[in-house]
Amino acid sequence: RRPGGGGGGGGGGGGVRGSRAQTALAYQFERCFGQETTQEELFEGCGVKDMLDHVLEGYSATVFAYGPTGSGKTFSVTGKPDSIVKNGSGDGSDGVVIRSAEALFDKIRAKATDGVQFKVRASCVEIYNESIVDLVKSSRTARGVAQLPVKFDPSKGAFFVQDLSYCKCPSEVDLLRLYMKVLRNRSVAAHELNRDSSRSHALFTVYVDSMVKGADGHIRTRHGKMTFVDLAGSERLKDTRSEGQTLRETGSINKSLFTLGKVISSLCDRRSTKAPYRDSKLTQLLMDSIGGTSLTMMLACISPSSGHIAESMRTLDYAIRAKSVQNKPVVLLDPQQTMLEELRKEIDVLRAENRALKEALQTSNPDLYASLDLTPRSLLRGSG
């Protein structure tokens with residue numbers, strides 16, 4: 001998909017045909033969108049709305065676009081940033097992120113009538129030459145000053161960016177203003193394939209905390225999140241005709257994408273015992289999304305040009321492997337509340353056992369039962 005694809009054609013079927021060395025190949029995907037597909041048709045047909053419903057229930061979800069430069073990754077995810085007006089609304093070119101922000105808050109307003117409270121925050125990191133930059137705080141003029149470390153949290157079994165900033169977003173206008181800010185701070189550079197090419201990977205994450213009061217009066221908090229990943233273009237160095245710094249950037253991009261491919265291949269191989277997540281910053285931060293507990297959707301973007309057939313075939317092969325990865329989505333609950341829930345259940349079990357023992361003793365030996373001061377009343381009442 002490329003910017004400028006106009007009105008018709010939805011995303012029917014899921015078949016894609018290609019050829020390699022005079023051999024016809026067929027690929028099968030959930031949906032296939034042509035270059036004439038509108039942004040609205042893509043958003044309505046790719047399943048992101050359903051993923052947002054799961055995010056509000058406490059699940060993690062990820063949408064990432066993969067493909068060579070100029071195939072429509074950034075257009076599909078973002079749209080045309082210059083078309084977004086200052087009040088946070090845009091036009092028909094709005095991509096998945098902008099439409100998701102509006103749909104998310106529509107869903108939040110609908111659910112708020114059920115007594116559910118929501119808090120929304122967002123963050124954005126850029127992976128530039130294997131360095132992590134906080135795009136909420138950093139600007140292009142300050143690039144390279146604040147590079148954040150990636151740490152591993154054994155308790156969660158996941159990597160995280162240390163000292164990352166989070167911005168509260170009480171409305172879609174606040175969320176979209178933040179998104180426009182991080183877009184301005186992202187690295188772009190012209191090369192032979194694209195005059196305004198993204199030279200970095202960007203991960204924009206929206207965190208949704210939902211607070212629900214149960215029948216017992218206790219508040220239960222669930223932590224959902226939606227991550228939008230716009231990967232830098234995957235292409236051969238000679239095709240970009242890059243030099244100097246841009247050449248080094250392209251090499252770093254290709255290395256991280258190669259590592260992502262290794263992780264996906266490893267997860268698809270039953271003989272493999274460990275995926276190489278630690279080999280790049282990108283795969284560290286996508287550990288939950290690829291083979292973890294997230295609901296994940298991949299947008300594989302290819303060009304209709306016969307001159308890019310090799311890159312298109314590589315992208316399709318990549319997508320077929322990714323399709324085979326099995327994630328195990330789980331609801332993310334507040335760990336302290338989870339512990340309290342377990343303690344309350346344990347107290348309920350102990351109370352039931354205590355009552356059963358008292359009743360058995362009272363039945364078998366009433367005189368002994370009457371003479372005993374079994375347990376202090378404060379312990380019988382418990383603390384919950």
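Each Cβ is built from the backbone N, Cα and C atoms, and glycine gets one as well.
It is 333-360, from the ranges 137-164, 305-332, 333-360, that TrEMBL records as coiled coil. Taking the domain 'Kinesin motor' (1-325) as a whole, pLDDT averages 81 in the prediction. Fewest Cβ neighbours within 10 Å among the binding-site residues THR69, SER71, THR74: this applies to THR69.
With the fewest other Cβ atoms inside 10 Å of its Cβ, the least crowded of the binding-site residues GLY70, GLY72 in this structure is GLY70.
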